[in-house]
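Reviewing the structure listed below.
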Amino acid sequence: MLFLTIALCLKTYVTFLGFDVLCQPKSIRNSIFPYLFILLVSIGLAQSLFYLQAHAVLSLVVSIGDILLMTLFYRCTLPQRLLFSLAIIIITAVAELLSALVLNVLNISMTYFFTDVENTYTVIQVMLTSVIFFMLISFIRVTKERKGLLSKNILLVFYPICSLCILTLLMWAIFRNGSETVSYVLCFVIIILVFISNLLLINIINHTIDSELDKQRKQFLEKTIETQRLHQADMLQSQNEIRRVRHDLSASLSHLSGLIKAGKLAECNDLISALTHTVTENNYLALTGYPGLDAVLSTKIRNAKNKGILVNTLITLPEQENNQIDELDLSFICANILDNAIEATEHCAIIDPAITFKISFDAKLKTLYITCQNPTINESLTKTTKADQRNHGFGLSTIRQIAKGYGGTVNCQIEDGWFLIVVGMPE
């Protein structure tokens, strides 16, 4: 009874870990209540299995009910609760089938034990199921958080191949030991479960990508609001500076005329340089007609200027009311592109580093093009100079995801030490 309760506690805890990977937890998830839930559920199941000898169907119904109750500890809608519960049920079923296969291959069955046969076998199977379940969940967690080199695309290929191997082994084990009728029924059930698990995996990955994109958009929107506030302050400062320059320009020109008549060319050069610096020192302010985009571009260009990097811009956009592309998406793409370009240029030991950034609209094709060219020390698109290599490429994948939403494309290439990215989005 004690060992069975411990095994069920472990299995229920691993189930919570599975939901942690798929859902956003509520604050109550970090309290003592989930652990009380684990303890009470495990004791109840152990009592029904050990003393009441509950039917397998009843135990299955209770387990599914417990999984549905676990979703109350997480922030999700009703359809999401059902979807994630189904995903956990499928993963649990796969883990139980794998544990049964392992025990079968090892010739461990209820006849292997001499005393307390059925409960001992149940404890071993539950423990083994928990371990396999934890391995599957960890595999999904690593892929989701991108802590390893495994990408989601590789998982989409790797998981179906593993499923085929599992099917082969399970059918071999079933047909070797079972009757023909039972074997066919079990094979059919297993095939359906594996097929559904593959479909769920694809949906989970797509949901994860969409969730990450929505999360980034929300964070970017919060930063953009602050950026716009700072941009307005910069605009006000720039306007005050222009008024001051205009006020002093007459006196400066008179002074310059006097220096020329006196033949003081050195002083003339100094005065002209000072006037030129005053006029151009606020050139980082972008004026596209899109307030949010202006704030983002101005901030990025100013950051580049502070790092000694010149950003040459050429921006031609249609009127905002005639543009079908959301300004937030446009700003998000430009911010990611310029961040990557500035970081890559910083690593290049060249004189007068510069970035060329263009936004143009092709009226004939009704397509908006965003082009950026910057120096790089990378020789291929797979290498990176980023210190945070775990998130390398995620900005680019986000750009691709946004462009894809508009039916657009993203093309990148490296040639002769220059990185070029072209984003095309039709309206």
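Just so it is clear, glycine is given a Cβ too, placed from its N, Cα and C backbone atoms.
Pulled from TrEMBL:
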- 32-50: transmembrane segment (TRANSMEM)
- 56-75: transmembrane segment (TRANSMEM)
- 82-103: transmembrane segment (TRANSMEM)
- 123-142: transmembrane segment (TRANSMEM)
- 154-175: transmembrane segment (TRANSMEM)
- 181-205: transmembrane segment (TRANSMEM)
- 328-424: domain 'Sensor histidine kinase NatK-like C-terminal' (DOMAIN)
Per-state residue totals over the domain 'Sensor histidine kinase NatK-like C-terminal' (328-424) - DSSP helix, strand, coil: 34 helix, 32 strand, 31 coil
Non-local residues, at least 6 beyond the ends, that sit with Cβ under 8 Å of the transmembrane segment (32-50): 1, 4-6, 8-9, 11-13, 16, 58-59, 62-63, 66, 69-70, 73, 119, 122
Mean per-residue pLDDT computed across the domain 'Sensor histidine kinase NatK-like C-terminal' (328-424): 82
